[in-house]
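Per TrEMBL, the features are:
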- 145-461: domain 'SAM-dependent MTase RsmB/NOP-type' (DOMAIN)
- Cys246, Ala247, Ala248, Pro249, Gly250, Gly251, Lys252, Asp270, Asp326: S-adenosyl-L-methionine binding site (BINDING)
- Cys376: active site, nucleophile (ACT_SITE)
Amino acid sequence: MSIFPRISLKPEVTEYLKSVFLNKEVLTAVGHQEAEHRFHKLLSCLSHPPSYTCVRASTHLAPLEEIRQQLAEELRKLMCSSSAEEVSVQILPHPRIADVLILPVEGPRPVKQLGSEVVVGAQCGGAVLRGAHVFAPGILGSPKYMKAGDLVSVFSDLEGKCTRGATSFRGKKVFVGNGVAEMDRSTIFCTDEPARGIGIRMVEPLYRSPSFDGVLPSLAFLQNLPSVVVGHVLGPRPGERILDMCAAPGGKTCHIAALMGDQGEVVALDRIRNKIDRIRQNAQMLHLQSVKAHCFNSTLAVSSDPAQETEGPPFPPESFDRVLLDAPCSGLGQRPNMGSTWSLKEICSYQPLQRKLFHAAVRLLKKGGVLVYSTCTVTLAENEEQVAWALDTFPCLSLVPQEPHIGAEGMPGAGLPPEQLRLLQRFSPELSWEQTETTAPLPCRADSDTIGFFIAKFLKN
């Protein structure tokens, strides 16, 4: 159900995406009217949250049903403490993925706007729509005399035009719910140190989903469904040595280690130091010993010395049984995303880096090994075109079937034949947008109402 405007993009980016979704191969396959309809549905669904929250359960530590019951009890206690009404929590196992629990999101709800307005950044507004409170760094503007305890309406700035510290804002904005100020305006904007912690506690969000802050941190991990699917598609086995090339914040790394029963080695690389600390914290929290995280640029991860025996990077060629390349990308599949200020140049800047990473990945993979490439974007250039390029550049690579395959097939437009498109997995929420009503059983809509995401699985022959 559309209640928000379509995602706000620079006109040049909108035109670029339109040329992608109305490319000649798509027009031949589905016709101009259907292609244009899908494109407009994509712009609408990207600004709205999925109709459920996905939780990856730590089934390496406890059975799924036990985690489900513990989670229901913890969330019930949490929600009852902030509501006078008796609260029931619905948590369902995913019908095909054995370590996933899904919780329905209630919304859009009839919430009345108040006179006092707080403006937050688009990223912060998106987090609120998925159950978060408003943290102080995300607040851009507030009433001049706002005090802790004041009831306020929270609006998301669509175009990034609200200046920090504003007392009013007349630009494009969208209402996301009501909350209670936890801080005075002076604490948020007028201190020497940047304010931290919750600035607005949401009490009447437009979309209600549980806040997981501090809830069963070792047993329940918030993760988008396609991101969980990636770990299963990679198919890690106990005793293997696996590389996660762009690993931060470590959700997929830890999932791989859990699927291996924590037996073997999962090497996690990322080029940003504090992100490596986050990976290590996540692994420790999930009681995983097999994760080895290093701060390193993965494009340089292949050693020129084949006899090198060091534990960390760079590594000799053919060092790993499986490689996950969850590549840096334009992120245009993320939901909800009400607005992006990126230029077309920025959107198109990722392809060369992805190809450098691909070169390193293929060299580091053993013969007979598996390489999984994934992104959270919707462009052809970063998805199907990269697959076509990889198959052309590396004759040793071939596409292989994915399990589970719960998304759609690849999108035409990169010259790949139908049999290869069927081996790809593209999560395309626009295909079911406004068709799958939220009254439909949750498991029926979970696989289609996702973020936009792409997965390709290769075998090195």
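Cβ atoms here come from the backbone N, Cα and C positions, even for glycine.
For the pair formed by Gly250 (S-adenosyl-L-methionine binding site) and the residue listed as 'active site, nucleophile', distance between Cα atoms is given as 15 Å, rounded to the nearest Å. Each residue in the domain 'SAM-dependent MTase RsmB/NOP-type' (145-461) has a pLDDT score, and their mean in this model is 94. Most other Cβ atoms within 10 A: among the recorded positions Cys246, Gly250, Lys252, Asp326, Cys376, that distinction falls to Gly250.
Long-range Cβ proximity for Ala248 (S-adenosyl-L-methionine binding site), meaning a same-chain Cβ under 8 A and a gap of 6 or more residues, is found for Asp270, Ile272, Lys275, Ile276, Arg278, Ile279. Taking only the Cα positions, the spacing between Cys246 (S-adenosyl-L-methionine binding site) and the residue listed as 'active site, nucleophile' is 13 angstrom. Here the Cα atom of Asp326 (S-adenosyl-L-methionine binding site) is found 9 Å from that of the residue listed as 'active site, nucleophile'.
Across the residues annotated as binding S-adenosyl-L-methionine (Cys246, Ala247, Ala248, Pro249, Gly250, Gly251, Lys252, Asp270, Asp326), the two Cα atoms farthest apart lie 13 Å from each other.
Between the CA atoms of Cys376 (active site, nucleophile) and Lys252 (S-adenosyl-L-methionine binding site) there is a gap of 13 Å.
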